[in-house]
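Engineer: Sharing a structure with you now.
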Amino acid sequence: MTAVHAGNINFKWDPKSLEIRTLAVERLLEPLVTQVTTLVNTNSKGPSNKKRGRSKKAHVLAASVEQATENFLDKGDKIAKESQFLKEELVAAVEDVRKQGDLMKSAAGEFADDPCSSVKRGNMVRAARALLSAVTRLLILADMADVYKLLVQLKVVEDGILKLRNAGNEQDLGIQYKALKPEVDKLNIMAAKRQQELKDVGHRDQMAAARGILQKNVPILYTASQACLQHPDVAAYKANRDLIYKQLQQAVNGISNAAQATTSDDASQHPGGSGGGELAYALNDFDKQIIVDPLSFSEERFRPSLEERLESIISGAALMADSSCTRDDRRERIVAECNAVRQALQDLLSEYMGNAGRKERSDALNSAIDKMTKKTRDLRRQLRKAVMDHVSDSFLETNVPLLVLIEAAKNGNEKEVKEYAQVFREHANKLIEVANLACSISNNEEGVKLVRMSASQLEALCPQVINAALALAAKPQSKLAQENMDLFKEQWEKQVRVLTDAVDDITSIDDFLAVSENHILEDVNKCVIALQEKDVDGLDRTAGAIRGRAARVIHVVTSEMDNYEPGVYTEKVLEATKLLSNTVMPRFTEQVEAAVEALSSDPAQPMDENEFIDASRLVYDGIRDIRKAVLMIRTPEELDDSDFETEDFDVRSRTSVQTEDDQLIAGQSARAIMAQLPQEQKAKIAEQVASFQEEKSKLDAEVSKWDDSGNDIIVLAKQMCMIMMEMTDFTRGKGPLKNTSDVISAAKKIAEAGSRMDKLGRTIADHCPDSACKQDLLAYLQRIALYCHQLNICSKVKAEVQNLGGELVVSGVDSAMSLIQAAKNLMNAVVQTVKASYVASTKYQKSQGMASLNLPAVSWKMKAPEKKPLVKREKQDETQTKIKRASQKKHVNPVQALSEFKAMDSI
């Protein structure tokens, strides 16, 4: 490796290296590699007994190689003449290509005259390899000349940054900044071009990050230097200027390293084979390792390896469980899942020992493998929920510590500023810690990179914000100090938003909503207790947390809906968020203010506790409704077992009384009572549910054909199916519906969806010219109306527990059976309606011509089939599947092609 120091430019280049680092060199080299390879492979079966003679094909190919070489020579001459850098090396490389081209021309001609000669073939292969090496070296040299040009511009910017930092007065500072700005812009354009051409994704990311830091921090360095010149006595300004200058130096080094495709100091900061989180990668890897061929199983080899891997995973899980933000119940669940995973591994190893030496895995072994993967999946889910506990708590009212710090600085209270600076620093560290926790359990490789980059920038910004506050505290009347503080405040808030969005991208909205719902429930109960205990501060603080959580839920859900095509689903979700933000939260805020005012007055004024409790309950209900609306399009397979927790949460205060008689029976929900049915009655219900599942599978098969974007009939069918599944789950003592009122509410939702489907169906029928199709569709729509009505009646399931002669008897089975039957009938009607709607739409299209292919809101497009590998992979590999953002085109690797020619030397 040689380093060229021209004008203090550290240019690293190994003249012997043939490593191709950019896509441009690959693209230019590819045609020549293809032509040479084709020529070399001509008649490659070796000597034959056929009549010797001239090969026209070989001559044609040799001529094309010669022409391609001439083209390279023309371009090489032009580059060598125009290049300001590495001129001598480029001229020498062009001459080498010319020399090797002549040798190749001679060897190819001889081979074309006698293509059956192995000696002449060997000579041509060696000449081809030498030619490709020479051309590759020429292209790499030309590429490095471009890099050298970029490094020269980088040096100009680096010197300009130093001059800006060391400016002796404000006039000089202004001149230096004015001169630096266009140079930075010029460098940014050159670096962006280089970034696009880099082959290595890591180098591209490094270049992008460094460019961003440079663009953002040059104006901030100007402001910081200006503040230093105006207030030389304030140490905080000097500290800030030095911090920003250090960041800019790192950015310059980052651009230099990325441009030359060399490793930077921080390249190995985040190991992990998958590029995702360490814990997620370890779990994915463990899931792969547990699949072993019984023939090759050896306890001495596999047991220590698997146990060691698992203990490493459990150590990571334990760290998360012991973190301060992890709830006690979540900690207990993580510990329980860790123990369950340990036990499942021991059971699996025992089964492997029993199957050792066999060709096929036994059913018991397959069952143990399934159990093992289920347990690791359960552990994953609890870890995700633990991370969401942290995210929900930490990314809440993120600007409060900053505002408190700035307020203290404006008052000129340096002692308070130092105290609040510590709080602010802890808050920043918590955000960074939680962001890294979220990364550890995520498989989203690109998302994890973005989170870590954002967290790193936030970490660098934290001391700068504190220094700006200390400077403002020293000169609270200074306009420059206030502007400087505003600048850093804006930068901090922007960076926190970027980090928040990045964390949201790598976490599941389903997990976020489940955890937020539980946290709001906790806070609502705390609010009610604070009200009863007349704790004004506690009430105000907890109510603020509720408002913050609700606002965050609304923001996250609204952002998520931007990813969907507008339709029935998005309307329902946005309707629920609008209800919470426009109606529920204002009422809750009003009640909180009234309560705080009543409790703060002397003497304390009486207030309506029930009104406050109702307003609090509505907040929880609003969050739950949003969550249910978001989950509406999820299939049962996509829903976690814990998406609807089995506990019966009571939002009301401990002293409040339930008024709905049918809601709680002897302290139990109706759903819990249904779960206590005798086995005989459960078997009857199971039989009905199995019949219902058959109809559901028919509906799944029908709707899975169609793309639901722009087709509200398919969206409504999925919604109705989901609600009916919840209702049938209720009859088995499972699912999200707990009480009769929940089932009635679900039936009303189905009726609403049915009426919307009826309206859409009738629109299609009105435009259908075929009377038979029209009559069929209208008949099925009438069935939907009928079965919706039946379902509404059957939804009033009265589950009761009676004590007859000392024996507990659970009633309500007949109602449950009727409910399932009505749901089954409705499901069948929906299937037939979807089919009839499609048929009627096609008749309409044929009669109206291509101009009106689709009716408004009903677009019948076949769903694109899922991409599947040609070779079936193991299920465990599916966790590692990545979605590529662009199609991958296979490029010929010239260096690989060269190495392959070496094998031909022996021919």
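Placement of Cβ uses the backbone N, Cα and C atoms for every residue, glycine included.
Pulled these from Swiss-Prot:
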- 2-228: region 'Involved in homodimerization' (REGION)
- Thr2: N-acetylthreonine (MOD_RES)
- Lys57: SUMO2 cross-link (CROSSLNK)
- 97-148: region 'Interaction with JUP and CTNNB1' (REGION)
- Ser264: phosphoserine (MOD_RES)
- Ser268: phosphoserine (MOD_RES)
- Ser296: phosphoserine (MOD_RES)
- Ser298: phosphoserine (MOD_RES)
- 326-395: region 'Interaction with alpha-actinin' (REGION)
- Thr635: phosphothreonine (MOD_RES)
- Ser642: phosphoserine (MOD_RES)
- Thr646: phosphothreonine (MOD_RES)
- Ser653: phosphoserine (MOD_RES)
- Ser656: phosphoserine (MOD_RES)
- Thr659: phosphothreonine (MOD_RES)
- Lys798: SUMO2 cross-link (CROSSLNK)
- Ser852: phosphoserine (MOD_RES)
- 865-881: compositional bias 'Basic and acidic residues' (COMPBIAS)
- 865-895: region 'Disordered' (REGION)
- 882-892: compositional bias 'Basic residues' (COMPBIAS)
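For each feature listed, report its degree of burial, its nearest neighbours and the pertinent distances within the displayed model.
Structural biologist: Using DSSP to sort the residues of the region 'Interaction with JUP and CTNNB1' (97-148) gives these counts of helix, strand and coil: 48 helix, 0 strand, 4 coil.
Within its own chain, Ser296 (phosphoserine) has no residue 6 or more apart in sequence whose C-beta sits under 8 angstroms from its own.
Non-local contacts of Ser298 (phosphoserine) by the CB criterion (under 8 A, 6+ apart in sequence, same chain) comprise Ala356. Under the DSSP three-state reduction, Ser298 (phosphoserine) is assigned to coil, being neither helix nor strand.
Using DSSP to sort the residues of the region 'Interaction with alpha-actinin' (326-395) gives these counts of helix, strand and coil: 60 helix, 0 strand, 10 coil.
Around Thr635 (phosphothreonine), the same-chain residues at least 6 positions away in sequence with a Cβ under 8 Å from its Cβ are Asp700. Secondary structure at Thr635 (phosphothreonine), taken from DSSP and collapsed to helix, strand or coil, is coil.
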Engineer: Where does the mean pLDDT land for the region 'Interaction with JUP and CTNNB1' (97-148)?
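Structural biologist: Averaging the confidence scores along the region 'Interaction with JUP and CTNNB1' (97-148) gives 79.
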